[in-house]
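Sequence annotations record features per position, and here TrEMBL assigns disulfide bond to Cys21-Cys34, Cys46-Cys61. Annotated domain 'TNFR-Cys' per TrEMBL: 6-43, 45-87, 88-130, in sequence order. Annotation comment: TrEMBL describes 290-371 as domain 'Death'. Per TrEMBL, region 'Disordered' is recorded for 247-285. Here TrEMBL flags 6-43, 45-87, 88-130 as repeat 'TNFR-Cys'.
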Amino acid sequence: MSGRPPCPAGMNWIDATQQCCPQCPAGTFLSKPCTSPENGSVCLACPTGTFRTQPNTLTKCQACYECDQTAFQSVLSNCSATSNVACGCEPGHFRVCFGEPCIEFSCRKCQPCTGRLIQRPCSEEQDALCDSSCKPDFYREGDECRPCHTSTVDTCGKECQQACGMNNDQGSGLEYILLGLTGPLFLCALAIYHKRKRQDALAGGPLPTAQPATSMTRAAATPWHQFSAQRWDNLCWTQPRSLQGMKRAAGTAKRSLEHQANTQTLLCKRPSDEGETPAPPEPRSALLQGSQLYAVIDVVPVRRWKEFMRMLELREAEIELVELEVTHIRDQQYEMLKRWCQQTSATLDHVFGALERMELAGCAEALRQSLPVGP
């Protein structure tokens, strides 16, 4: 060893030939060393699946690593002649290192933080950090945050009522109003009937029929039930109804309901009842069939869909819930649009207005052409 001379830069000592030979470049290996300064070394490229990252005089290349799919690793960059394969974690996963430096690791799925505020988003280096507080329109149930719209008045507890603004007495007002209006009317008609019956019996005249009183109570009660059933049967469809009988029984309160039923026009349309002919829609507020909702989906860019739904004032909780429950993006778009139809503001004017506020005038024009209004 003491007799080995130092080699110049870019050359290594070769024991087989007892002399300094030039280094092979990165991505190659030494196939045959030099025998003299005039007869240089023979370098060959690394075979597929091997690599050398530095200039060298080694007789073979190093084998490439393989990403461990059982540990949820994914390939970030493939192996080449000059670099090894680069492994990482799939989206939605973070690294759990087995030592420092983090050469060996496994990938673990990030916390979803469903319904919770996020203090720190998930990255490849660390897991997400969820806040203990629930998002708006969510309420705490045990260790989970649940969306408000999945709870009903009967199942909404104290936490739900505080977060969602529900009242256990909600929904009972209509029944009390109906009972308060029709009950005394029926009792009054019944008392008049029996009084006249006794008078006619004493006078020997014919007995009066109870049909007028029955008709009167039916006129007061039937339109209210009819309106209530038709109003809540499908929140995405409202058609004008005659509420004359209800006006006689309910007065000012029922006139307000009649005004709402006659003026509200929504985006989605339901076939009219047998024997009824609905009034023709306004040009800009034309009602759509369910299949025509896809026309709206087709004109809005996918990357701006959630922005579009926020412009239509669909709640953020609804958007996130649809993303969790529905897998395919097109089905998510249809479900979000269908849920938006359940709002009173779901008109075609709002769709065009949202597109114009998003500076998508071309999309709005394409939608107008695909949804011709009028005969």
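In case you wondered, yes, glycine gets a Cβ from its N, Cα and C as well.
A Cα-Cα distance of 19 Å separates Cys21 (disulfide bond) from Cys46 (disulfide bond). Sorting the domain 'TNFR-Cys' (6-43) by DSSP state (H, G, I as helix; E, B as strand; all else coil) yields 0 helix, 16 strand, 22 coil. Across the fold, the C-alpha of Cys46 (disulfide bond) and the C-alpha of Cys34 (disulfide bond) stand 19 Å from each other.
Around Cys21 (disulfide bond), a 10 Å sphere centred on its CB holds 23 further CB atoms from the protein chains shown. Cα to Cα, Cys61 (disulfide bond) and Cys34 (disulfide bond) are separated by 19 Å.
Within the same chain, the residues at least 6 positions away from Cys34 (disulfide bond) whose Cβ sits under 8 Å from its Cβ are Ile14, Thr17, Gln19, Cys21, Pro22, Gly40, Ser41, listed in sequence order.
Of all the disulfide-bonded residues listed here (Cys46, Cys61), it is Cys61 whose C-beta has the fewest other C-beta atoms within 10 angstroms. Here the repeat 'TNFR-Cys' (88-130) is broken down by DSSP into helix, strand and coil counts: 0 helix, 19 strand, 24 coil.
In the predicted model, the domain 'TNFR-Cys' (88-130) has a mean pLDDT of 89.
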